[in-house]
Amino acid sequence: MTPEQSPLGKPSSYTEQYDASLLFPIARKNARDQIGIGATLPFFGTDIWNAYELSWLNARGKPQIAIATFYVPADSPNIVESKSFKLYLGSFAQSSFDSIDVVRDTIKRDVSAACGSSVSLHLYPPAEFSKLGLEEFEGTSLDRLDLDAEVYQPDASILKAALDEAPVEETLFSNLLKSNCPVTGQPDWGSVQIHYVGPQIDHAALLRYIISYRNHTGFHEQCVEKIFLDVMKVCQPVKLAVYARYTRRGGLDINPFRTNFNLPMPDNLRTARQ
C-alpha cells in the first residue's frame, strides 16, 4: 500500500467501535528505495510512538484512559500510516474491555500484524503519568551558533568533517529540524540528536545541513534515515546514532532512532514541545 492510498489528507468518518481493519500499513521499502537503502540495512534501531488519546470502556461502562508507548523495530517491513493509527485508537472509545491488559494485548496484536514484526507496547494508566516528565536532549546545542542559512532542501555537500585529524566522540543536538508531510504538506517540527565517534564534524556545517530539511517532504522515519546516510557518507564516523523527536499531531508523536553500533535503545524522553 502507498501513502496516497491511505486516509491521510482525506475526509474520514470516525468510528468508536473497535476496528482493527482501520490500520493502514505502508512498506518501508518504498521510502528506502528513494534514498538508496537496500535489503541489507546499514543501521538498526526503533521508532518510538507515543499515543496520548487512548480511551475505552471497562466492563461496567466507565471510561478508562491511558498513554500508550510503542516500540516498532526499524527492520519491520511496514510502518503504520499515522492518521489510520489515530482512527484505529479512536475506535476503542465506545468499546468495552475487561481490563487494561486485554486492551494492551489487543493493540499489540493488531499493530504487530500491521507492521509485520513484533511491536513492544506499554500502557501508562493515570497512576503512572508522573513517570512521564519533561526532558531535553543531552549534548552540545548547535542552535547556539550565530550563522547564515540559505539552503532549505537537503544537501549533503553542506556537511564537513576533519577527516585528517584524530577521531573524537561527541553528542550534538538541534531543535531546528523541520520537514513536511509528503501527502498533506503539513509541517513536521522536531529536534534531532547526533552521537558519533570519528572525524570531528564541523558544527556550523551540521546545523546548516539540519536546517536544509526545512522545505523537504518526507516521513519522519525517512528523514532520520537520510540524515544517517548523509553523515555516514560525508563525515565517515566509525560509530553513529541519530535520534529525532517530533512534535505530536493527531494525538501521536513519532520518534525514530537509528544507529550502527551497540547502544541500548534510547530513553523515551518527552521534550517541552511534545
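In case you wondered, yes, glycine gets a Cβ from its N, Cα and C as well.
Features as listed in Swiss-Prot:
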type	residues	note
BINDING	VAL80, GLU81, SER82, HIS220, GLU221	substrate binding site
BINDING	SER82, LYS83, ARG249, GLY250	NADPH binding site
ACT_SITE	CYS181	active site, thioimide intermediate
ACT_SITE	ASP188	active site, proton donor
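Summary: among the recorded positions (VAL80, CYS181), the fewest other C-beta atoms within 10 A of the C-beta are counted at CYS181. Measuring Cα to Cα from the residue listed as 'active site, proton donor', the recorded positions that fall within 10 Å are CYS181, ARG249, out of VAL80, GLU81, SER82, CYS181, ARG249, GLY250. For the binding-site residues LYS83, ARG249, GLY250, a Cα to Cα distance of within 10 angstroms from HIS220 (substrate binding site) holds for none. Taking the binding-site residues LYS83, HIS220, ARG249 in turn, the residue surrounded by the fewest other Cβ atoms inside 10 Å of its Cβ turns out to be ARG249. Annotation note: GLU221 (substrate binding site) sits in a helical segment as assigned by DSSP. Closest in space to GLU221 (substrate binding site), of the recorded positions given as LYS83, CYS181, ARG249, GLY250, is CYS181, taking the CA atom of each residue.
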